[in-house]
Amino acid sequence: MERVRGLVELLRPGNAVAAGGLTFIGAFVAGGLSSPQSMAFAVVATVLATGAGNAINDYFDRDIDAINEPDRPIPRGAVSPRGALVYSVALFAVAVVLTLLLPWLAIAIAAINLVALVAYTEVFKGLPGVGNALVAYLTGSTFLYGGAAVGGDLAAVVVLFALAACATMAREIVKDVEDIDGDRAEGLRTLPIVIGERRSLYVAAGFVVVAVLSSPLPYLLGLFGWVYLVVLVPALCGLAAATWRSFSDPTTGQAWLKASMFAAAVAFVIGRLAVVA
């Protein structure tokens with residue numbers, strides 16, 4: 001039973017399902033519910049691929065997790081490193097099969113993401129800013145993948161991609177500030193270790209500013225109406241508050257950044273609903 005629990009935890013199910021939700025949002029913003037089967041394939045593939053990525057990340061991070069998160073499945077012995085690796089490959093395989101049933105652009109995005117994910121976990125995670133940028137791209141690209149899966153208009157989805165990527169970049173930097181002790185013990189060269197915690201938080205704040213400035217574009221381009229702005233404003237206030245909080249409490253700040261980014265994504269859904277209603 002402990003092994004089953006460990007396998008589920010490796011997926012980080014909340015994170016995987018949330019990624020599937022982002023793909024759904026991207027598909028809906030691009031094409032509404034015009035292609036339900038393609039949308040379903042894309043959402044399930046995203047959940048599986050994200051779970052696989054989380055599992056392989058735990059495989060490569062097992063030594064760091066022994067310091068930062070000793071209760072994770074591999075450090076506590078619930079799942080062996082080899083078992084986590086095989087599990088990840090199996091999940092990736094199913095995700096690939098589902099993706100091959102989608103349009104070529106979705107396949108191309110998925111292929112790029114797979115290479116980026118493997119490169120992140122094995123090569124770039126400990127490099128200052130590079131690993132953060134890859135995670136930011138991967139998060140934002142879930143919207144692009146969803147939009148490409150249904151073959152819809154990607155204009156608003158591209159803006160959503162930029163907003164999500166910038167907000168995620170900020171959150172990843174704040175998380176590195178939070179994890180600085182374990183990362184330093186492991187010999188990693190994350191941004192806070194190289195340039196300092198305070199400067200890193202200012203860099204994160206800069207990415208939030210870019211996210212906030214890009215967010216009105218769907219309205220300015222005539223893609224969404226005023227309803228979008230009404231729903232968007234609280235999300236932007238949340239991003240600002242999260243950035244401010246990160247300077248005194250990185251743990252709370254990065255959690256608020258994640259919630260605010262999701263709230264901004266909901267604004268895109270409501271903006272789309274208002275257009276088609």
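Residue 1 is the first one shown; counting continues down the chain.
Backbone N, Cα and C define each Cβ position, glycine as well.
According to Swiss-Prot, the protein carries these features:
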| type | residues | note |
| --- | --- | --- |
| TRANSMEM | 13-33 | transmembrane segment |
| TRANSMEM | 40-60 | transmembrane segment |
| TRANSMEM | 89-109 | transmembrane segment |
| TRANSMEM | 143-163 | transmembrane segment |
| TRANSMEM | 199-219 | transmembrane segment |
| TRANSMEM | 220-240 | transmembrane segment |
| TRANSMEM | 256-276 | transmembrane segment |
Among 13-33, 89-109, 199-219, 220-240, 256-276, stretch most in contact with the transmembrane segment (143-163) (C-beta, under 8 angstroms): 13-33
Selection from 13-33, 40-60, 199-219, 220-240, the stretch that has most Cβ pairs under 8 A to the transmembrane segment (256-276): 220-240
Chain residues in Cβ proximity to the transmembrane segment (220-240) (below 8 Å; excluding those fewer than six residues from its ends, i.e. six or more beyond): 155-156, 167, 208, 211-212, 256-257, 259-261, 263-264, 266-268, 270-272, 274-275
Other parts of the chain folded back onto the transmembrane segment (89-109), taken as Cβ under 8 Å at six or more residues beyond its ends: 11, 38, 41-42, 44-46, 48-49, 51-52, 55, 141, 144-145, 148-149, 151
